[in-house]
Amino acid sequence: MNKQSWLLNLSLLKTHPAFRAVFLARFISIVSLGLLGVAVPVQIQMMTHSTWQVGLSVTLTGGAMFVGLMVGGVLADRYERKKVILLARGTCGIGFIGLCLNALLPEPSLLAIYLLGLWDGFFASLGVTALLAATPALVGRENLMQAGAITMLTVRLGSVISPMIGGLLLATGGVAWNYGLAAAGTFITLLPLLSLPALPPPPQPREHPLKSLLAGFRFLLASPLVGGIALLGGLLTMASAVRVLYPALADNWQMSAAQIGFLYAAIPLGAAIGALTSGKLAHSARPGLLMLLSTLGSFLAIGLFGLMPMWILGVVCLALFGWLSAVSSLLQYTMLQTQTPEAMLGRINGLWTAQNVTGDAIGAALLGGLGAMMTPVASASASGFGLLIIGVLLLLVLVELRRFRQTPPQVTASDS
């Protein structure tokens, strides 16, 4: 990576064929999951006319994802990781086929949608954990920042494209097309993933899966560095739940339906800019301090967001949050991979991802509770400034993370 450039270097896709295969598979997978994400709530709403039933499907899938992340972490540290990834993807695709066949029935089964949602949520997260644990072996630990930034861009781009395609398919062909193409896309991802090298876990003594998972918890709690990173990640995810207040704040700002879209687009746009301008992050001598400060800045942006007199200024605050949270997330990802022993990578990645999932749910619940007692403006500000106070305390308490220093990676000729 060129020291003189702030821009992200994409050369990793050229120099590392295995990472290129993962990049391609991940992009196709994100688009496929996006088609599914549009179709499931629409189908349930059409069948039941109940937002509660739609919410139940999201909750069940989220619960299955949490369990899948826990189980996937243990499996990724115990079995050959490539096999775990392929098994999870293939099994997930079978669930999508089930959703497609159910949608083609004269009277689709609501119970089948719920059960297949549990199936897909579990196996999708199983593969995610194994892939995260395998990444250092695919790109080398010195390239993790670059790999994380490219991955973030992939996720953001796919998240923008897939709902648009999903909406067009719903308008022209119905939900069965969404499910069918999601299944096809998932099986297509197996082709590039088959080219991956063998990814065996490091040798370690066999133990009961629950005991193995508890060992991961103990490592997380015993390590001030890794535990602090995970804690910051959870708080940052809680802050992103501010999106539940967008409709109410839009009324406060008297925004049109078209303008509300800017609120939802602001954070992904800011995050994409953060990933694109992450060229120098890997060369930071004090990544822990930078992570803490960028996290504090993101909380401040949320606190100021609801106080803005004009919606356009609120959008700027959200974009700033997206940028700062991207910086913090990239540093979290890189430090977590480099500071975790190889034998623990599956479990720690599973726990880190799981706390992100639960952080979002907790943040949404807290904001919903605040919204019942306060105005939307007060709720947004209270959440942002409350997290800012907690962040300042963590800045003082997490001494090892704050003082952590690293030797910046050497610049190679291919990076210049």
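Any Cβ shown, glycine's included, is placed from N, Cα and C.
Under the heading topological domain 'Cytoplasmic', Swiss-Prot lists 1-21 (among others), citing sequence analysis as support. Residues 135, 138-139, 143, 145-147, 149-150, 153, 192-193, 195-197, 275-280, 282-283, 409, 411, 414-416 of the same chain lie 6 or more positions beyond the ends of the topological domain 'Cytoplasmic' (1-21) yet place their CB under 8 Å from a CB of it.
The annotation topological domain 'Periplasmic' is assigned in Swiss-Prot to 43-55 (among others) on the grounds of sequence analysis. Here the topological domain 'Periplasmic' (43-55) has Cβ contacts under 8 Å with residues 103, 108, 110, 113, 175 of the same chain, all six or more residues outside its ends.
The topological domain 'Cytoplasmic' feature in Swiss-Prot is assigned to 77-83 (among others). Same-chain residues lying 6+ beyond the ends of the topological domain 'Cytoplasmic' (77-83) with a Cβ under 8 Å from its Cβ atoms: 130-131, 133-134, 193, 196-201, 204, 206, 209, 212, 343-347.
Among the features that Swiss-Prot reports, topological domain 'Periplasmic' is placed at 105-109 (among others), with the record citing sequence analysis. Here the topological domain 'Periplasmic' (105-109) has, by DSSP, the following mix of helix, strand and coil residues: 0 helix, 0 strand, 5 coil.
Look at Swiss-Prot and you will find 131-156 (among others) tagged as topological domain 'Cytoplasmic'. Distant neighbours of the topological domain 'Cytoplasmic' (131-156): 1, 8-10, 12-13, 16, 18-19, 22-23, 26-27, 30, 73, 76-77, 81-82, 85, 196, 199, 201, 268, 271-272, 274-276, 278, 281-282, 326, 329-330, 333-334, 337-338, 342, 345-346, 349, 353, 409-410; these residues of the same chain sit at least 6 beyond its ends, with a Cβ under 8 Å from one of its Cβ atoms.
Summarising model confidence by region, the topological domain 'Cytoplasmic' (200-218) averages a pLDDT of 83. What Swiss-Prot lists as topological domain 'Cytoplasmic' is 200-218 (among others), and the listing cites sequence analysis.
The topological domain 'Periplasmic' feature in Swiss-Prot is assigned to 240-256 (among others). Helix, strand and coil counts from DSSP across the topological domain 'Periplasmic' (240-256) read 13 helix, 0 strand, 4 coil.
Residues annotated as topological domain 'Cytoplasmic' in Swiss-Prot: 278-287 (among others).
Taken from Swiss-Prot, the feature topological domain 'Periplasmic' applies to 308-313 (among others).
Swiss-Prot lists 337-356 (among others) with the feature topological domain 'Cytoplasmic', giving sequence analysis as the kind of evidence. Note on the topological domain 'Cytoplasmic' (337-356): residues 66, 69-70, 72-78, 81, 125, 128-130, 132-133, 135-136, 141, 144, 201-202, 204, 212-213, 215-217, 219-220, 223, 225-226, 229-230, 233-234, 237, 406 of its chain, located 6 or more positions outside it, place their CB under 8 angstroms from a CB of the stretch.
According to Swiss-Prot, the feature topological domain 'Cytoplasmic' maps to 400-416 (among others), an assignment based on sequence analysis.
Using a Cβ-Cβ cut-off under 8 Å and counting only residues 6 or more beyond its ends in the same chain, the transmembrane segment (22-42) has close neighbours at 13, 54, 57-58, 89, 96, 99, 103, 113, 117, 120, 124, 131, 135, 138, 150-151, 154-155, 157-159, 161-163, 165-167, 169-170, 175, 178-179, 181-186, 188-190, 192-193, 196. The transmembrane segment annotation in Swiss-Prot covers 22-42 (among others), and the record cites sequence analysis as its basis.
Same-chain residues lying 6 or more positions outside the transmembrane segment (56-76) and placing a CB less than 8 Å from one of its CB atoms are 40-41, 44, 84, 88, 113-114, 117-130, 133-134, 201, 209, 212-213, 216, 345-351, 353-354, 357-358, 361. Swiss-Prot lists 56-76 (among others) with the feature transmembrane segment.
Look at Swiss-Prot and you will find 84-104 (among others) tagged as transmembrane segment, backed by sequence analysis.
Taken from Swiss-Prot, the feature transmembrane segment applies to 110-130 (among others), supported by sequence analysis.
Marked as transmembrane segment by Swiss-Prot: 157-177 (among others). Same-chain residues lying 6+ beyond the ends of the transmembrane segment (157-177) with a Cβ under 8 Å from its Cβ atoms: 26-27, 30-35, 37-39, 42-43, 100, 103-104, 268, 272.
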Worksheet entry | Contact check, the transmembrane segment (379-399) vs the transmembrane segment (179-199), 3+ Cβ pairs under 8 Å, seq sep 6+ | no
Worksheet entry | Same-chain residues at least 6 beyond the ends of the topological domain 'Periplasmic' (308-313) whose Cβ lies under 8 Å from its Cβ atoms | 250, 253, 255, 259, 262-263
Discussion item. With Cβ-Cβ distances below 8 Å as the criterion, list the same-chain residues six or more beyond the ends of the topological domain 'Periplasmic' (240-256) that contact it, or say none.
Written reply: 263-264, 267, 302, 305-306, 310-311, 314, 321, 325, 360, 362-364, 366-368, 371, 375-377, 379-380, 383-384
Worksheet item: Can you name the far-off residues of the same chain, 6+ from the ends of the transmembrane segment (314-336), with a Cβ under 8 Å from a Cβ of it?
Response: 144-145, 148-149, 152, 225-226, 229-230, 232-233, 236, 239-240, 249, 253, 262-263, 266-275, 278, 281-282, 284, 287-288, 290-291, 294-295, 297-298, 301-302, 304-306, 308, 348-349, 352, 404
Discussion item. Summarise the topological domain 'Periplasmic' (43-55) as counts of helix, strand and coil residues per DSSP.
Written reply: 11 helix, 0 strand, 2 coil
